[in-house]
Amino acid sequence: MLFLKPILFSAVQPSGNLTIGNYIGTMRHWSIMQKKYDCLYCIADLHALTAQEKNMCLSKNTLDTLSFYLACGVDPKKSIIFIQSHVYQHSQLSWILNCFSQFSELLRMTQFKVKRNVEKNHVKQTNLGLFNYPVLMAADILLYQTNFVPVGKDQKQHVELTRNIANRFNSIYGNIFKLPKPLIHQYGSKIMSLLEPQKKMSKSDTNKNNVIFLLDDIKSVSLKIKHAVTDSERPSKIDYNIENKPGISNLLEILSAISNKDMNILLKELDGMMYRELKNIVSDCLSKFLSKLQRSYYDYRNDECYLKKVAHEGAMKARLKSEETLKIIHSTLGLVPYFK
Ligand code: TRP
């Protein structure tokens, strides 16, 4: 496969139960991006190993996630879709990059600090994978000489770290790695919880009314939106000054993303409307969208033969491309080439 357009790399962990936050922040853009970029869409199953839960159902979750990729319009003829653990080059480069990463910079990663605190509270030991997580992510990105990485705000720091690692390597060995840039969308890159809009919507939230899952029963979606927090002052109409109203701006971001409407146009259309009416519109729009997505999802999910074929072909293409980079790195570092 020839790469003629700028290269874009993105990945989601197959932790099961994807939410509209995952869709709006990440997967929504994937289909359109195929026009402008040569895209690699990876299922980061090795990253998922850092959160060891009982009954993880990793292989089921991986195929579920792959089905969502396809249902969101990612086309295996246009893009490379693959499972991270099928392409050994990722672990190999990850080790090499460990030797170009600093303990102190990994300690500064916000996601690590947050996750470690959660584990401390559960009196669990922090596994090294959690600490090294961003280095594997850097390997994912750098293996393909990626130009752009679409990420939610919470992953931006990891892309910056990737650039630092690449820069450090390049400053010793010359221009080996391309420096990737994060692509962050103005709206929707962080969807918040419905009842506690100060915190990010998270699939692991214990209160399921905070979260809309992509596979939620359509009836429960309307109920969840109905109960969503708007704002504490309870004015009768939508207040345009949404800066300090996380609940209402969250609903608007969801609506704008799902209806594909620019926020300014949307605000004009909603002028003078009550919060209750806004909620009806959001829940109608979401219900229609989710019914369609779920139909397409199940069509793919029920055809495991096809899913495995897509994953196999994707892995073959990803191996070829990543091997090119890895060969250069090996010879740059003075590792003896392997002869068959
Ligand atoms: N860490 C990302 C997440 O949880 C997933 C991921 C793994 C990723 N490797 C990546 C995202 C490379 C972008 C690029 O959302």
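Just so you know, glycine gets a Cβ as well, placed from its N, Cα and C.
It should be emphasised that the depicted structure is a prediction, and the values quoted were computed from it without experimental measurement.
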Given TrEMBL lists Q13, P14, S15, G21, N22, G152, K153, D154, K200, M201, S202, K203, S204 for ATP, the same-site residue among I32, I191, I212: I191
In Å, rounded, how far does the Cα of N22 (ATP binding site) sit from the Cα of D140 (L-tryptophan binding site)? 19
Intrachain residues whose Cβ lies under 8 Å of the motif ''HIGH' region' (14-22), provided they are six or more past its termini: 43-45, 48, 51, 57-58, 60-62, 64-65, 68, 190-191, 200-203, 211-215, 254, 258, 286
Are any of the binding-site residues Q13, N22, D140, K153, M201 near ligand 1, with a Cβ under 6 Å from it, and if so which? Q13, D140
Expressed in angstrom and rounded to a whole number, the ATP site built from Q13, P14, S15, G21, N22, G152, K153, D154, I191, K200, M201, S202, K203, S204 spans a maximum Cα-Cα distance of 19
Determine, to the nearest whole angstrom, how far the Cα atom of K203 (ATP binding site) is from the Cα atom of D140 (L-tryptophan binding site). 24
Restricting attention to the motif ''KMSKS' region' (200-204), give the mean pLDDT. 88
Quick note, K153 (ATP binding site) and D140 (L-tryptophan binding site): C-alpha atoms separated, nearest Å, by 18
